[in-house]
Each structure stands twice: as C-alpha cells, then as structure tokens.
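Chemist: Under the heading ATP binding site, Swiss-Prot lists L196, G197, K198, G199, G200, F201, G202, E203, V204, K219. What Swiss-Prot lists as domain 'RGS' is 58-175. The domain 'Protein kinase' annotation in Swiss-Prot covers 190-455. According to Swiss-Prot, the feature domain 'AGC-kinase C-terminal' maps to 456-521. Feature annotation from Swiss-Prot assigns S-farnesyl cysteine to C560. Taken from Swiss-Prot, the feature phosphoserine applies to S5, S21, S491. Residues annotated as phosphothreonine in Swiss-Prot: T8, T492. According to Swiss-Prot, the feature cysteine methyl ester maps to C560, an assignment based on similarity to another entry.
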Amino acid sequence: MDFGSLETVVANSAFIAARGSFDGSSSQPSRDKKYLAKLKLPPLSKCESLRDSLSLEFESVCLEQPIGKKLFQQFLQSAEKHLPALELWKDIEDYDTADNDLQPQKAQTILAQYLDPQAKLFCSFLDEGIVAKFKEGPVEIQDGLFQPLLQATLAHLGQAPFQEYLGSLYFLRFLQWKWLEAQPMGEDWFLDFRVLGKGGFGEVSACQMKATGKLYACKKLNKKRLKKRKGYQGAMVEKKILMKVHSRFIVSLAYAFETKADLCLVMTIMNGGDIRYHIYNVNEENPGFPEPRALFYTAQIICGLEHLHQRRIVYRDLKPENVLLDNDGNVRISDLGLAVELLDGQSKTKGYAGTPGFMAPELLQGEEYDFSVDYFALGVTLYEMIAARGPFRARGEKVENKELKHRIISEPVKYPDKFSQASKDFCEALLEKDPEKRLGFRDETCDKLRAHPLFKDLNWRQLEAGMLMPPFIPDSKTVYAKDIQDVGAFSTVKGVAFDKTDTEFFQEFATGNCPIPWQEEMIETGIFGELNVWRSDGQMPDDMKGISGGSSSSSKSGMCLVS
C-alpha cells in the first residue's frame, strides 16, 4: 500500500468513526466538553434588549423558526384556553402526513373533537361559515382538506395569543436562544476531517461542529483565488441564495465565517455521494437505476426546484453530479453557484450558464429564459438516471459543443426499451424544445408535474414530509468520495494582496450562524432539550436570573426539562 492509499484509509476511518458517533450507530455523539460548555443561555440582562431589534412577525417567530415554533407551542400548552387551537393545529399537521388508509378516521376525529360545540376542545374562534362547510354532508377525503381550518387557526393564534406569548417567560426564553444564536462560532468551533472534493475556488471537506457533534461539509473559498479570478460577486450571490432557501430537498447553509486564508460555507453534508457516481460506478456491468428509484429521486428534485422557483431563483446547473444522497438515501440539489435570482417585476433572465448537454434550447440560442430551463435539465437528468447515458450523446462519445447544440435544438430524442410509456411521456414533456409548451412550474407550483401518471402511486404529502422509505440506503461504512490523492491539490496563488475593500467584503460575507439550520441543529442534537429547563411552579428559571445550575439548591426539586 502506497502512502497516498494509506492516507485515504486513515482519513476514511476517522471520518466513518465520527459519522457513526452522530448518526446513532454508537451510543453518544462526540462532543467537545469545552465548546459544549459555551452553549449556555444568557441571563435576561444580556438578551432582553433583542426585543427591540428583532423582527417580531408571527409567521417568522412562531412558524418558520424551529425553536420559536417549539416555544410558542409550549406556551400554548401551558394555558388551557389555548389548548383547542394547539391540538387542532397539531392534528391537522398529523392528518396531512398520514397514510391514505388512516386519513378517514383522523378526519372524523378532527370533526368530532374541534367542530362539535359540545366537545371539550371545541374551537369557538372558528368562523361559523367555515365550520358549516364541514357539516353540510359527508366529508370527501382529499389533500388539503383542512387547510381552511389550519389557516383560520393560525390567523387566530397570530392575534391575541401571540401578543400574550410576547409577554410570557416562553418568549424570554426565545430571546435567550436568539442571543446564543448570534454569538460568533468560527473556525475554532469545527474539527476538519478528510477532503471530499474540489470546488472552483478551493476544497470541500467534511467537518464536525465540536459542541454538538453534528457533521457538515465545509466549502472553502480561497481568498486570493477569489480575488484573482474576480469571483467575489458569484460567491456572494451563492451565499445569499443559500441563506434564502430552507428545504429538505436543497443543501442548507448553517454557518458562514472567514479564516486567514479562506471564506468558509458550512453546509449539509451528504454522505451518500452524488447521483452520477451511483449511476455509473456502483454497478458498472448494469449502470443506471430501475425506474422506481429514478422516479423517487426525480420527485424529490421537483420539490427542490419548486422551492427555488417560488423564491424566484433559476438554478441553471441541474445535473446528476449536483444531486447528492444523504445517510438515509434521500436526495438534495446542491451547488447554487450558477443560480440567479429574478428581481421584482422581472420574468426572465439572460446569459450563458450551465453544463453542456443540460442547457435548454432557448438558453443555447441566446434568448431570454425563465424557470423552464431547469425542467429541461430535469428531463436530461431523469433520462440519464434510467438510460445511463445522456439523451443527446452516447456515454463516452466525444461531441463538439457546436454539434451538441445542434442536437439539443433540432434533433428528436430516442428512448431505449428501459423506459416505460409513462416515463417516456414525462421525459418528452420535459425535453420539449419550445419552453412555452414544456412541462414545468406554473401558477407558483409544480402541481402539473405531480399530477403526471408517472407519479400516480406516489404519496407526495409523505414524500415532502420526509416520511417515505428511499429505494436505496447508502452503506454507512463507505465513503462515497474519491481517494484523497485523486482529488488533487490547488496551486499556490501568488502576487495577490488585499486592501480595505477586500477586507470589507470578507467581513460582509462572514455573517456567522444561519438561524433556521442552527436552531434545527440545537433541536436535533438534543442541546435544546438539555437547556430548556423550567421550574414546575411556573416561576422564572434560574438561568434567566443569571444563577448557575449548581448554585441554587432551593429550586432543584422544582425543575423540569421540556424539549
């Protein structure tokens, strides 16, 4: 075994051990006690002033932010008058993700418990007109059945109950978490593992957040290389877009900080490798996926594209290499470096961007284009997943870009026998040359794609909630990445000096913790549950007063954990 191979084996072993400690295959996540001790809720004297600087909109505080939602629901749980609204909210969410055969019974339970004036949890705040519609006759079980009730419930909770919450201890606890969230957590909070790959401006490596044990991927953008290649604008665009998107089908940005040499983006780690690797390298004698597996990934990609397009973001770089698998076998789209955000009032954009073979005809011809280019790329990606080759060139075929452009614009696509009629029809609808006729994002949704016969057996509600079993689960003992010596190293950048403008850009880029992913990490790793300590008598907890846990013996018997 040569030194390079030995280096890979050692690095893989350390990475797999860390991964096992976090994903549950070992008993306790690996946490650094020194950094764990720094995750401490502050006394109110340090954080109460945040009340004046935070955006206190109901939707943001109580629905979008994970810790905010938990604390608001705990507040509702503590007051009997709010229990009907809370339980209805939770039961509707439960109904929306239930198996089809369980929905009828759950629907009847909702009608009986919350819409009957004689019921203990009758929701008297609901408009009589909404209630009457559900009492007119037999209820037809369907997706979104109780959305009017949910919207009315949240509208009610956003009024007087929300104002009560803002004056409660639970909101003060939220301010404590927001203060902690804002504390700088930079390079020293992370332990680097092996290099996973290379980006345009630096390496991508696995890393571990020391305090929680959570694993991430750290994309390092070398400052000198960025400046030399005039990459500042592209890097900032990618970072700002990553901060805007929060979907289980798109990699999330959790932290952004700088080191002496690099700008660092700490993002969701996808341990299963990319789709291209699985198409061609896992079973080389029979490349490609069975159709059900390809359809599962396609459905998850559709959910990711819909999230981007609802936020007016054109992806422009969908391809198998940019679709990554997580530990459980679910996929997310990644690498938003070529994405562009449409401005208010702007319906289309222009510019040559993407990967040869995946770019839509209108883009190749220099025309203006919209989100439709991403659905053309989806068609190419689905075709490649099933056929193990692209629709416009055979695997390994050397094709000049001019010829490839001609094929995409002018030639029909041929489908091998691997395609069912439904998958062929779906691909053809995506690979339509005319963007106006192409299947895609319409009326702010991807519902027309969801309604295609190809997905007739797919439960979209459960897919979107992350409740469906993926068709393939990556091996937890395998590192789906090139050997370290095959990743390659960057050459040293010389002759680049930084000035005040550069320093200001670096500081603007390094914004620290991203609220929603950071809060998800605190909940997922158990930190929230460990610090969310309340007195059973309802009085102010010691941490809010600035009293450490070990210094107040009088209140020990009155403490309880609420996660």
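The backbone N, Cα and C atoms fix where each Cβ goes, glycine too.
Let's see these features in context: how buried, what's close, how far.
Modeler: Under the DSSP three-state reduction, K198 (ATP binding site) is assigned to strand.
Note: the domain 'RGS' (58-175) comprises 85 helix, 0 strand, 33 coil (DSSP; helix = H, G, I, strand = E, B).
With DSSP classes pooled into helix, strand and coil, the tally for the domain 'AGC-kinase C-terminal' (456-521) is 26 helix, 2 strand, 38 coil.
Around the Cβ of T492 (phosphothreonine), the number of neighbouring Cβ atoms within 10 Å comes to 8.
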Chemist: Mind looking up the mean pLDDT for the domain 'Protein kinase' (190-455) in the predicted model?
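Modeler: A mean pLDDT of 95 is what the predicted model shows over the domain 'Protein kinase' (190-455).
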Chemist: Sequence gap of 6 or more, Cβ distance under 8 Å: name the residues on the same chain that satisfy this around V204 (ATP binding site), in order along the sequence.
Modeler: V195, L196, G197, K198, A217, C218, K219, K220
Chemist: Determine, for the ATP site, the additional residues of the same chain whose CB lies within 8 Å of the mean position of the CB atoms of L196, G197, K198, G199, G200, F201, G202, E203, V204, K219; present them in sequence order.
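Modeler: Leaving out the recorded residues gives K220.
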Chemist: The record lists L196, G197, K198, G199, G200, F201, G202, E203, V204, K219 as binding ATP. What's the largest Cα to Cα distance among them, in Å, rounded to a whole number?
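Modeler: Taking every pair of listed residues, the largest Cα separation comes to 14 Å.
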Chemist: Between G200 (ATP binding site) and T492 (phosphothreonine), how far is it from one CA atom to the other, in Å?
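Modeler: Computed Cα spacing between G200 (ATP binding site) and T492 (phosphothreonine) is 14 Å.
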Chemist: If you count Cβ atoms within 10 Å of each one, which of the binding-site residues G200, G202 comes out on top?
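Modeler: Top count of Cβ atoms within 10 Å goes to G202.
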